[in-house]
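Copied over from TrEMBL:
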DOMAIN    72-386  domain 'Sulfatase N-terminal'
ACT_SITE  110  active site, nucleophile
BINDING   110, 320, 321  Ca(2+) binding site
MOD_RES   110  3-oxoalanine (Cys)
ACT_SITE  173  active site
CARBOHYD  235  N-linked glycosylation site
CARBOHYD  455  N-linked glycosylation site
């Protein structure tokens with residue numbers, strides 16, 4: 001059956017950097033939820049925490065669902081101005097909840113960003129960085145030796161104190177070796193993969209990535225879980241959707257508060273979608289994947305209503321980093337008006353789509369210009385569950401409940417790290433760059449371009465340029481594309497530095513970096529023989545152990 005989606009014709013409800021909150025309930029094509037005027041009580045949060053896009057949190061006490069979508073750009077949703085208007089369910093979610101146009105990831109790459117969301121801490125604090133090179137992006141490919149340290153406290157571990165059951169569906173990406181398994185870090189259930197769905201491999205030089213159910217693998221990508229690279233067909237999003245729906249039903253039947261982290265990756269190259277969605281988007285295969293995710297979000301929200309737990313479930317949708325413009329337009333998305341994309345600390349690599357939904361509590365149709373971060377989901381979720389953040393460590397996330405329930409704005413900086421280097425800081429409307437770099441001239445000449453069609457002289461540099469003495473400063477309200485630095489001779493430039501400089505000094509003086517986890521690689525630790533492989537006859541012989549420094553080119 002061919003999938004048909006209701007078109008949403010929602011005009012862009014705000015201008016980037018506009019200070020005023022905007023009500024988008026009247027936007028044509030969006031049906032707002034009824035707002036009862038209730039506020040979250042201190043003694044009772046949501047039953048579920050569900051996150052989409054892909055982070056989800058759901059709690060009856062409040063449930064949390066976070067949806068964290070891999071590599072979805074700020075400009076990929078209709079409510080953010082995407083002209084095809086092919087995301088009616090997410091657009092409706094925004095009309096029934098709160099939109100955050102100034103929401104950021106903690107890193108322009110997947111693994112560090114995911115660590116930040118689940119710990120509430122900058123990746124440099126948890127060790128999700130490398131010292132193998134200055135300002136180098138690093139993540140967790142299957143040859144990585146490191147992963148999330150035992151010393152880090154993850155959100156599902158803490159939610160257990162309040163009786164929550166937690167599940168992650170999709171990509172974990174915080175280490176694949178046994179000690180890094182998500183069920184050893186607080187999750188009660190897992191269906192998904194430890195790494196990206198790269199491949200296929202020959203199972204000789206490299207093994208195909210395993211798919212797990214809880215403690216054991218149940219197959220591998222391109223084998224039991226096929227992905228057709230030629231057509232883009234794969235049924236993974238449908239499988240992940242069913243896992244989410246089944247989990248919610250089981251927790252509701254048992255009357256248990258729950259946390260669902262729906263971390264899907266269909267929009268990460270190689271992009272995939274199931275057969276009913278292939279060829280349905282005006283945007284090509286990437287758009288097909290977005291439409292299937294949008295449809296899945298709609299089904300999850302519909303189930304929450306059917307089970308009469310929507311008012312007890314807080315859902316948040318966002319992305320792990322900006323769209324990968326190097327894969328665009330066929331396998332990458334849109335970062336709207338912002339500069340560059342994934343891998344960079346320009347706005348296109350760090351600013352994300354973000355929607356909060358909690359009917360009866362969050363007033364419908366609001367736009368908040370609070371500077372937000374994926375790390376805030378950690379602190380906010382604990383607050384919803386009636387828990388305090390850990391006091392024995394620095395926590396970077398804010399509690400967004402005052403913003404979402406009462407419209408308050410909190411002054412806070414946003415730190416833009418690339419590897420071990422603080423590249424930029426935003427405070428208020430001003431962003432100061434202390435270092436600029438896209439990627440090397442060598443890579444660029446080979447066709448690796450993180451900013452296609454967006455060269456800005458002196459800004460999108462192909463050598464690492466330090467600006468610590470005279471930072472490049474932009475007013476993001478007037479210039480969201482970071483094309484026109486303020487004149488260093490202007491009073492505005494000096495005033496902006498007076499706001500930002502003490503924040504940077506205080507941050508750097510107090511910072512205690514974690515032990516770097518992304519320095520050492522070893523082919524022997526790849527997914528040769530994951531737990532459960534013997535039952536499937538899928539165990540492979542690892543090569544000799546040869547630890548070496550990981551190479552991070554950019």
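Including glycine, each Cβ sits where the backbone N, Cα and C put it.
Residues 70, 71, 105, 107, 108, 109, 111, 113, 114, 319, 342 surround the recorded Ca(2+) site, their Cβ atoms falling within 8 Å of the Cβ centroid of 110, 320, 321, which are themselves excluded. Nearest by CA distance to residue 320 (Ca(2+) binding site), out of the recorded positions 110, 173, 235, 455, is 110. Take the CB of residue 455 (N-linked glycosylation site) and look out to 10 A: across all protein chains shown you find 12 other CB atoms. Looking just at the domain 'Sulfatase N-terminal' (72-386), the mean pLDDT is 97. Closest in space to residue 455 (N-linked glycosylation site), of the recorded positions given as 110, 173, 235, 321, is 321, taking the CA atom of each residue.
Counting only the Cα atoms, the space from residue 235 (N-linked glycosylation site) to the residue listed as 'active site' is about 20 angstrom.
Remark: of the recorded positions 235, 321, the most isolated position is 235 (fewest other Cβ atoms within 10 Å of its Cβ). Counting every protein chain shown, the number of other Cβ atoms lying within 10 Å of the Cβ of residue 173 (active site) is 27.
Taking a C-beta cut-off of under 8 Å and a sequence gap of six or more, residue 110 (active site, nucleophile) has these contacts in its own chain: 70, 71, 139, 171, 173, 196, 268, 320, 321.
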